[in-house]
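Down below is the structure, laid out as structure tokens.
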Amino acid sequence: MADKVGDSGDGVKRKISNFVFWNQTRVFILALSLTCLTLTQINSQIFTFTVICMDDLIVENQMSNVTEPHWIEGTTEKSILFSATAIGALVGLIPSVPLLNRLGVRLTLSVCGLCSTLGTFFTPIAVSWSFYLVVVCRVLQGLGISVILTVLGVIPTSWSPKSEYSTYLAILSCAWQFSNVIFMPISGILCDSEYGWRSIYYAFGVLTGFFYFIFYMFYTDAPGVHRNVSEKELGQIKEGKPDHAIRETVPYKRICTDPCVLAAWISFLGGNLGFITLLLYGPTYLREVLNFDVRSTGYINALPYALCAIYKFSAGKISDRIKFASDKTIYTFWLFSSIIGLSIGYCIMAWTTDRNIAFVAFAFAIVTSGLIIMASVKCLAMRCQQHCHFAVSTVSFLSYCVQFISPLGVGIMCPDNTPEQWSRAFLLITGIMILTNAPFPFLTTQEAAEYTKHKKSPMGELSEKV
């Protein structure tokens with residue numbers, strides 16, 4: 001049968017396929033985007049797990065009668081590799097806003113996916129050749145994740161109806177949780193198998209390339225030009241949004257001096273420090289401090305992230321249906337439930353000597369940490385409206401700064417991975433989280449800023465309850 005002809009929503013005729021995913025193409029877009037973001041995040045984290053099962057490199061080095069120890073034994077070298085991903089992410093983030101404006105999400109994210117694929121697939125080869133080549137691979141993986149947080153704010157804006165925004169955002173932001181749920185158990189099994197740690201890089205490198213190819217072929221930056229989006233579904237997505245997306249010059253100075261935006265940025269900086277430390281050093285803490293074996297580390301580190309994903313989805317779904325509370329009340333509750341949960345978990349880990357209690361506290365901290373990014377993105381989206389891509393890009397910048405500095409700080413404070421060293425680190429992080437989040441409820445607002453009101457916003461009036 002011939003394709004139907006419809007309206008893109010901008011007065012331009014478009015072809016509509018006979019297969020429209022039962023008027024749920026946006027759900028397929030969500031699943032595909034989530035898969036790609038998850039795989040990219042997995043690639044950036046693989047080294048944080050395989051570092052605990054790369055002892056064969058030390059054995060090979062000793063058998064080669066080399067007098068110098070292998071770089072995998074050096075705390076400084078490992079800290080550099082942990083931070084190299086953040087360097088790549090920061091480098092990629094600098095041109096991300098103009099690239100997203102000029103090329104769109106489809107092309108920009110696909111290029112990032114290619115960098116992540118190459119950096120992951122060639123890591124085992126680089127390990128055999130040179131430490132510096134491994135650094136290059138880690139930087140490529142960092143380039144892969146450079147726009148993740150930014151597109152996290154853009155894709156829901158383009159593809160979700162207003163009434164589903166929080167749910168769409170919650171599911172898409174589960175990439176961090178799903179990455180651990182998927183790759184931690186698989187990595188634990190493969191590390192202990194005959195295939196070894198190298199197989200992890202090859203497997204996820206191939207999967208990343210495959211799904212990003214599908215993403216490039218299927219995704220469009222606007223639902224109005226997608227041939228599998230029906231007229232009915234397009235109407236649902238566009239309901240309550242402006243008919244025309246108008247490009248405006250970003251008022252950088254006004255955004256950067258907005259107290260609401262500054263409070264959201266500072267809050268995220270502290271909260272993300274707590275989350276990133278667990279994300280990067282969870283396997284090391286479980287293995288070196290709590291003395292779990294490699295396979296157990298994979299399974300038990302994945303469990304809290306699975307629970308966190310369920311927690312985030314439930315929070316998003318419930319908030320889309322709440323009518324009695326303001327949006328500010330909702331995202332402030334999201335933020336403080338995460339900060340309080342992280343602080344409790346960190347304090348218990350710092351003070352207990354019982355392995356089981358420490359693991360429960362570790363899991364509790366991870367589960368409750370999931371709403372930090374949701375609170376930050378929603379607050380900035382409502383405040384900055386059509387300029388939220390810049391505000392969220394700054395969140396990305398702060399995240400990667402934390403990811404760069406955190407390994408250096410841990411390397412200094414926990415060189416021997418003793419419980420006492422980690423206790424001091426946990427208490428310091430707790431104090432930073434509390435101080436950076438204290439101004440948030442007093443300075444933030446759900447009202448759109450004046451600099452957004454010159455023209456209509458593509459976000460619509462998010463502050464109005466549906």
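From the backbone N, Cα and C atoms, a Cβ is placed for every residue, glycine too.
Taken straight from TrEMBL:
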DOMAIN    29-448  domain 'Major facilitator superfamily (MFS) profile'
TRANSMEM  80-100  transmembrane segment
TRANSMEM  107-125  transmembrane segment
TRANSMEM  131-155  transmembrane segment
TRANSMEM  167-188  transmembrane segment
TRANSMEM  200-219  transmembrane segment
TRANSMEM  262-282  transmembrane segment
TRANSMEM  302-319  transmembrane segment
TRANSMEM  331-351  transmembrane segment
TRANSMEM  357-377  transmembrane segment
TRANSMEM  389-413  transmembrane segment
TRANSMEM  425-443  transmembrane segment
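Counting Cβ pairs closer than 8 Å and at least 6 residues apart in sequence, the transmembrane segment (302-319) and the transmembrane segment (167-188) reach three or more and so form a contact. Proximity of distant same-chain residues to the transmembrane segment (331-351), defined by a Cβ-Cβ separation under 8 Å and at least 6 residues beyond the stretch ends, is recorded for 267, 270-271, 274-275, 315, 319, 357-358, 360-372, 374-376, 378-379, 422-424, 426-427, 429-430, 433-434, 437, 440-441, 444. Outside the transmembrane segment (167-188) by six or more residues, the chain places 26, 30, 33-34, 37-42, 45-46, 49-50, 148, 152, 155-156, 159-160, 197, 200, 203-204, 275, 279, 282-283, 294-299, 301-302, 305-306, 308-309, 312-313, 315-317, 320, 370, 373-374, 377-378 with a CB less than 8 A from a CB of the stretch. The transmembrane segment (357-377) shares more Cβ pairs under 8 Å with 262-282 than with any other stretch in the list 80-100, 131-155, 200-219, 262-282, 389-413. If you look at the transmembrane segment (131-155) against the transmembrane segment (107-125), you find at least three C-beta pairs under 8 angstroms, all six or more positions apart, and that counts as contact.
With respect to Cβ pairs under 8 Å, the transmembrane segment (107-125) is most closely packed against 200-219, considering the stretches 200-219, 389-413, 425-443. Sequence-remote contacts of a segment are chain residues at least 6 beyond its ends whose Cβ falls under 8 Å from one of its Cβ atoms, and for the transmembrane segment (200-219) they are 28-29, 32-33, 35-36, 39-40, 42-43, 46, 49-50, 105-107, 109-110, 113-114, 116-118, 120-124, 183, 186-187, 190-191.
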